[in-house]
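Summarising the annotation, TrEMBL assigns transmembrane segment to A:32-52, A:64-82, A:89-107, A:113-135, A:142-161, A:181-203, A:233-256, A:262-281, A:288-311, A:317-334.
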């Protein structure tokens with residue numbers, strides 16, 4: 001009663017043609033479509049009359065790269081739980097929390113910068129542990145659990161800061177990290193490269209990354225090859241929280257102030273980039289290079305449009321649209337790859 | 001043989017010359033089923049006898065071969081044009097082994113989903129009226145539960161009865177239609193079976209026509225008026241149950257006389273026991289004893305729900321054992337997690353390939369290395385190149401097609417997917433390999449390939465515990481077999497006794513030892 005398959009198949013079935021590999025060109029297009037689109041976009045903004053004077057300048061490039069580091073680190077944080085099939089919607093709130101924790105530890109409590117930074121990252125890891133415990137051990141749906149912690153954290157941050165921006169006493173070393181350059185490259189970019197290398201290494205070059213992908217592909221199968229599924233899920237949230245903490249420290253450094261309001265806004269941008277990234281480079285898989293490309297693509301689009309004179313509505317509209325297109329595309333790719341067309 | 005001559009009787013359901021062929025293999029040949037109004041008609045047959053096919057043809061799920069006819073209460077059509085909607089308008093109602101009720105909804109809601117809610121003029125659900133109607137239906141089907149109870153809180157037998165009530169609630173006359181029950185008791189514990197049978201007897205007494213598919217012969221004899229037996233796709237007999245004994249029924253199902261019903265346990269003298277299980281209690285298992293020898297394929301036969309899969313899961317640490325002793329290679333072994341079992345040298349190919357074994361969205365290579373990822377961890381990184389080379393040679397050795405380790409596993413055919421899962425475990429050179437339905441939904445060539453690899457492993461010393469519901473296959477492949485029944489080892493056969501008929505007999509014949 002459990003199978004609808006013929007019990008006594010004949011040689012006719014054995015001869016069934018195995019599914020063919022996709023044509024090379026299509027595979028190439030799928031991998032690099034986003035990259036090609038990105039290059040075309042850059043060319044367009046460089047040549048179009050409205051932006052030709054402002055877009056292709058070193059200053060603008062530095063500005064985009066410098067400020068996108070925060071979103072990029074947040075996006076990289078979010079692909080860790082996404083790889084094992086879980087959403088983390090608290091990325092943005094943790095960014096806000098970490099920037100307040102680091103800021104107030106250094107400015108208000110006069111702790112050494114290194115300790116303040118550590119506390120900021122630690123606060124993210126703690127929230128991540130809580131998320132992971134809810135999802136992995138209490139069985140709460142990740143969307144709801146992280147939405148809940150996200151709102152809770154934002155509330156507590158606003159309670160602690162009384163919604164005041166913390167701008168006095170942020171150590172110079174942090175501000176230098178945020179706005180300074182080394183060899184002509186914004187320093188936040190070095191931090192981003194470090195995080196990207198770490199996440200890339202973890203996901204691609206360690207058994208841990210493979211285990212995460214296995215849990216994401218099929219939790220039951222993962223359990224039956226001996227993996228501890230709850231531990232994988234829990235640890236992915238801890239990592240996501242800690243990396244979001246790093247993003248929070250970068251935000252503080254970049255802005256020079258700790259603003260309790262801005263954190264939560266990063267979640268959507270991070271997820272858009274992550275899902276855009278899953279359509280590129282290694283289609284159907286959340287991957288580091290794709291995610292970075294996704295961040296750049298959204299950033300350059302918004303930047304170009306703003307330079308062209310578009311108003312405030314551009315950013316949220318574009319982020320929302322990008323997320324929807326990306327999710328639809330990456331779902332379609334994943335379905336096709338799993339043979340469920 | 002007293003083939004039923006239903007002429008004088010009022011026949012509600014009749015099939016003439018019903019056949020079904022899959023890819024050149026006839027699984028049902030010229031079935032002439034006749035069900036009379038108000039009778040309980042049992043449908044019996046071993047694994048692969050064609051009874052499931054017959055049910056699916058009646059439901060319109062499968063399309064029959066041309067030439068037959070189906071007729072239900074005046075609705076009649078050529079069998080190859082029979083459709084689910086015809087089955088419905090003829091008054092055929094199906095309730096399957098898994099009753100498909102919604103646990104999170106109330107009894108009233110479950111019933112309303114079958115026919116729509118009673119609504120007010122404005123389209124709002126009229127709860128008082130819905131509740132009243134539910135109460136009437138519950139009374140009609142003698143279900144002693146409240147309309148507001150959550151279905152998840154019902155005992156299993158009541159859930160099945162609720163499914164029956166949902167199927168039959170729209171019959172105009174109380175008992176006009178034909179209720180088809182497909183192994184309704186297979187997953188019920190013994191005491192629940194009694195409750196369900198009592199209810200069914202009540203419906204039957206009130207004149208409900210029932211077609212009853214079951215493996216449990218004692219139930220059939222107790223409940224049914226007549227029985228139709230299928231074997232190898234052919235209709236063997238239709239008999240009154242009045243003068244039938246269980247032994248005669250088994251004879252009809254198996255197709256030969258019963259000379260030696262109770263076997264002597266074969267005493268295999270061997271000191272290379274790899275796995276020895278004593279009094280294993282876990283889930284539905286009620287005290288399993290068995291010995292598995294080095295280089296042996298031990299078949300586990302049993303009917304659906306006998307505990308055969310649970311046995312494998314318990315040995316693999318995926319089902320916690322509550323009592324008993326296991327010795328693995330002379331050491332005490334008490335698996336708490338699959339990871340421990342793997343470390344101890346056990347491998348398991350689970351029953352449901354799609355959801356329990358395969359990583360459908362990952363590549364063939366990643367699927368192959370899922371059991372040995374840590375081996376590729378060297379010099380602080382995964383050795384992708386070595387992994388790739390190993391995967392290539394496995395793909396070649398197991399003749400996986402397409403012959404690439406980079407294809408996405410979910411896109412391969414069932415046989416190729418299963419080869420990957422087999423390769424994943426056999427590459428660990430396990431001490432004990434647990435196979436649960438390894439050839440389900442697999443084509444003939446792949447099946448032969450799979451067993452070829454099992455044999456090779458066995459020759460190298462691996463011991464295999466093989467569960468399959470295809471007894472022919474089991475008799476062919478296994479050196480020895482145990483028959484599991486009601487969570488216990490009921491018999492053991494080997495040598496000349498190990499044939500599919502014998503296994504079928506034994507699976508049926510051992511009486512339930514009620515807890």
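Cβ from N, Cα, C; glycine included.
Below 8 A, the CB atoms of the transmembrane segment (A:89-107) and the transmembrane segment (A:317-334) form no more than two pairs separated by six or more positions in the chain, fewer than 3 in all. Most Cβ pairs under 8 Å to the transmembrane segment (A:32-52), among the stretches A:113-135, A:142-161, A:233-256, A:288-311, belong to A:288-311. If you count C-beta pairs under 8 angstroms between the transmembrane segment (A:233-256) and each of A:64-82, A:113-135, A:181-203, the highest count goes to A:113-135.
Among the recorded stretches A:64-82, A:142-161, A:317-334, the one sharing the largest number of Cβ pairs closer than 8 Å with the transmembrane segment (A:181-203) is A:64-82. At the 8 Å Cβ cutoff, the transmembrane segment (A:288-311) and the transmembrane segment (A:64-82) share at least 3 close pairs (sequence separation 6 or more) and count as touching. Counting residues 6+ beyond its ends, the transmembrane segment (A:142-161) has Cβ neighbours under 8 Å at 81, 86-90, 92-94, 96-97, 100, 104, 127, 130-131, 134-135, 258, 260, 263-264, 267 in the same chain. Counting same-chain residues at least six beyond the ends of the transmembrane segment (A:64-82), those with a Cβ under 8 angstroms from any Cβ of the stretch are 88, 91-92, 95, 142, 179, 185-186, 188-189, 191-192, 195-196, 199, 202-203, 212, 216, 233, 236-237, 239-244, 246-247, 250-251, 254, 266-267, 269-271, 273-274, 277-278, 286-288, 291-292, 294-296, 299-300, 303.
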